[in-house]
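Undergrad: Got a structure for you, written out below as structure tokens; questions coming shortly.
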Amino acid sequence: MAVFEGTFTQTEPLRLAVVIGRFNDLVTTKLLAGCQDCLKRHGVDPDPHGNQVDYVWVPGSFEVPLVARQLALTHRYDAIICLGAVIRGQTPHFDYVSAEVSKGIAAASFQTGVPVIFGILTVDTMQQALERAGIKANHGWDYAMNALEMASLMRQLRSNVTDSYSQTQSLPAAFPNASIGKLTAESEEV
């Protein structure tokens, strides 16, 4: 048996995408700054003109899952970080948006095999959002750490699975259309 655990130092450069909701940008820009600080301190060049991190701005948190899934389907990224802020108001809108964004981000990850990190603050007040985006702590940092760890872990798991299959020279019968190391259109469940 083996034990697998992601690390925060990469031997190979990572390729990441960050999807940011523009709505509540007072909060989301602070989350992004925390995310970039973490990446830089862990050896990832966060420069948007560099070759390691792509940034995609969308109107709000509700649009984040669709874009994250589209990026994940390209299989160009080791992980995708989703940043946004949904703040409760006087109507049930908060409940609908929060639930669908959460489901959508999880589905994007499950359907593609790419870690898609849930970095959407769901809070009752703007004060709570600001506290989580830099006044008390910056969760943008935490979301970047999650992405680094999951990208590392998935690389380890893919490598181990590929090595195991190459030793037996065949894929399990349960996955007749699958290929080693990448998801094919025939094996993808949508």
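Yeah, the Cβs are placed from backbone N, Cα and C, and that goes for glycine too.
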Undergrad: According to Swiss-Prot, Ser61, Phe62, Glu63, Ala85, Val86, Ile87, Phe118 bind 5-amino-6-(D-ribitylamino)uracil; which of Phe8, Phe23 is also listed for that site?
TA: Phe23
Undergrad: Sorry to bug you, but what's the C-alpha spacing from Arg132 ((2S)-2-hydroxy-3-oxobutyl phosphate binding site) to Phe118 (5-amino-6-(D-ribitylamino)uracil binding site), rounded to the closest Å?
TA: 14
Undergrad: Compare the C-alpha of Ser61 (5-amino-6-(D-ribitylamino)uracil binding site) with the C-alpha of each of the recorded positions Gln90, Thr91, His93, Arg132, and give the closest one.
TA: His93
Undergrad: Using Cβ-Cβ distances, find the residues under 8 Å from Phe23 (5-amino-6-(D-ribitylamino)uracil binding site) that belong to the same chain and are at least 6 apart in sequence, listing them in sequence order.
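TA: Long-range Cβ contacts: Pro59, Gly60, Ser61, Gly84, Ala85.
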